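Peer 1: In case it's useful when we look at the structure, here is the feature table from Swiss-Prot:
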type: ACT_SITE; residues: Glu174; note: active site
type: ACT_SITE; residues: His250; note: active site
type: ACT_SITE; residues: Cys371; note: active site, nucleophile
type: BINDING; residues: 19-28, Asn110, 137-138, Arg214, Asp252, Asn365; note: substrate binding site
type: COMPBIAS; residues: 27-37; note: compositional bias 'Low complexity'
type: REGION; residues: 23-43; note: region 'Disordered'
Amino acid sequence: MKSYEVNFDGLVGPTHNYGGLSYGNVASQSNSQQASNPREAARQGLAKMKALADMGFKQGVLAPQERPDVAALRRLGFSGSDAEVIQRAAREAMPLLVASCSASSMWVANAATVSPSADTADGRVHFTAANLNCKYHRSIEHPTTSRVLGAMFNDEKYFAHHAALPAVAQFGDEGAANHTRFCRAYGEAGVEFFVYGRSAFDSRYPAPQKYPARQTLEASQAVARLHGLSDDGVVYAQQNPAVIDQGVFHNDVISVGNGEVLFYHEDAFLETDAVLGQLRAKLASKGGNFQAICVPRAAVAVEDAVRSYLFNSQLLSREDGSMLLVVPEECRNNERVWAYLGQLTSQGGPVKEVKVFDLKQSMQNGGGPACLRLRVALKEAELAAVNQGVIMTATLYDTLLQWVDRHYRDRLGEADLADPQLLVECRTALDELTQILKLGSVYPFQRQP
């Protein structure tokens with residue numbers, strides 16, 4: 001039976017704005033309070049989805065969240081009608097309103113961790129929604145994320161869904177942004193690679209000094225247990241605390257893996273040789289031939305990697321076995337990074353081509369191509385069991401473009417978030433979207449009695 005890696009990209013929501021909410025994310029902080037263009041952001045994301053689908057890659061869509069999150073504001077003590085809640089929050093606590101309007105769910109690499117059926121004890125695809133406990137604006141996402149994933153992957157014969165881990169710092173979980181899977185073929189048993197920033201319960205592990213380590217070892221271990229993964233198919237690695245302090249807030253900002261290949265920066269991990277040795281040995285035991293592509297700091301400094309998002313790229317396998325690297329425009333604009341990519345594709349390794357996309361609206365908030373997608377490895381029968389309304393086609397692309405143009409503003413500043421009409425616009429758009437994507441009632445406003 002054939003198997004595929006399907007990329008489900010987050011559709012940018014109507015409240016996309018530059019709130020500067022993500023401490024430790026350099027781009028998010030440096031573009032704080034600029035005016036955003038939600039319509040352009042959504043169109044840029046859709047263009048990438050359509051281009052990859054046209055190239056023969058399996059592509060799906062993950063719906064955005066209801067924003068502003070009025071229920072979250074009510075839990076913080078704001079009362080009255082929905083409009084009154086928004087206006088009172090704007091007057092009394094603007095940072096809370098900004099957080100409740102965040103469109104950060106577009107970065108679906110943080111939506112969940114996914115283990116394919118070939119790796120799990122019960123032979124089903126397992127999903128654990130990420131609690132995103134480190135940042136308030138993201139910690140409110142997982143209930144809706146779970147409902148959306150449940151509506152997309154709704155056949156219990158093939159799919160198992162787990163609630164987010166306990167919402168405390170000790171189990172801080174950032175989802176697939178700190179998880180990669182290596183395999184010979186997508187449908188065969190592989191090795192799941194969990195990267196953490198610190199240990200919650202063992203003080204012997206080093207930790208960053210400036211920025212928070214968002215993922216704990218204990219969270220990664222809990223997800224592996226929930227998914228029924230065997231020890232011979234799991235490797236844990238600690239991310240280098242020094243690069244977290246340089247703005248590498250998730251591992252997908254300093255490495256990317258696919259198939260048998262890990263593309264990583266020289267400074268990405270602690271005890272790199274031991275980590276690579278484990279990956280090589282465990283993948284070999286499953287018939288695979290692990291290949292590591294190390295980018296030396298002499299060629300690309302960590303600062304350049306963070307600024308260009310070289311590693312927040314998509315490493316995709318073509319039918320002929322070669323690989324394509326999907327990078328943001330910022331890589332072409334960085335002389336050193338672009339020179340390195342020229343060498344990479346000409347030196348005879350697995351990466352044969354680099355494809356550049358303009359994702360500026362997302363990039364200015366600190367999210368590149370890899371942030372925007374959740375990878376799900378599926379066998380043919382499993383893919384057939386996915387809700388087909390979320391699979392990208394030419395028709396769906398056209399429908400979503402028209403939907404965006406109807407409902408999205410082309411400019412959004414902080415003052416606009418206080419406009420109660422924005423909530424009405426968002427709910428109207430999402431109500432229509434659930435019909436387009438055949439999701440049912442996944443949003444809180446659709447579920448109110």
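Backbone N, Cα and C define each Cβ position, glycine as well.
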Peer 1: Just to verify a number: CA distance, Gly19 (substrate binding site) to the residue listed as 'active site, nucleophile', in angstrom, no decimals.
Peer 2: 18
Peer 1: If one measures from the C-alpha of Asp252 (substrate binding site) to the C-alpha of the residue listed as 'active site, nucleophile', what distance in angstrom results, rounded to a whole number?
Peer 2: 8
Peer 1: Can you tell which of Gly19, Arg138, Glu174 has the least company, meaning the fewest other C-beta atoms within 10 angstroms of its C-beta, among these recorded positions?
Peer 2: Arg138
Peer 1: Express the distance between the Cα positions of Arg138 (substrate binding site) and His250 (active site) as a whole number of Å.
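Peer 2: Computed Cα spacing between Arg138 (substrate binding site) and His250 (active site) is 14 Å.
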Peer 1: Which ones, of the recorded positions Asn110, His250, Cys371, have a Cα no more than 10 Å from the Cα of Glu174 (active site)?
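Peer 2: If one measures from the Cα of Glu174 (active site), the recorded positions that come within 10 Å are Asn110, His250.
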Peer 1: Run through the Cβ atoms and count how many others sit within 10 Å of the one on Asp252 (substrate binding site).
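Peer 2: A 10 Å sphere around the Cβ of Asp252 (substrate binding site) contains 30 other Cβ atoms.
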Peer 1: Report, as a single number, how many Cβ atoms besides its own are within 10 Å of the Cβ of Asn110 (substrate binding site).
Peer 2: 30
Peer 1: When DSSP states are folded down to helix, strand and coil, where does Asp252 (substrate binding site) land?
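Peer 2: Asp252 (substrate binding site) sits in a helix per DSSP.
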Peer 1: Could you tell me which three-state DSSP class Asn110 (substrate binding site) falls into?
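Peer 2: It is helical.
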Peer 1: Roughly how many angstrom lie between the C-alpha atoms of the residue listed as 'active site, nucleophile' and Asn110 (substrate binding site)?
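Peer 2: Cα to Cα, the residue listed as 'active site, nucleophile' and Asn110 (substrate binding site) are separated by 7 Å.
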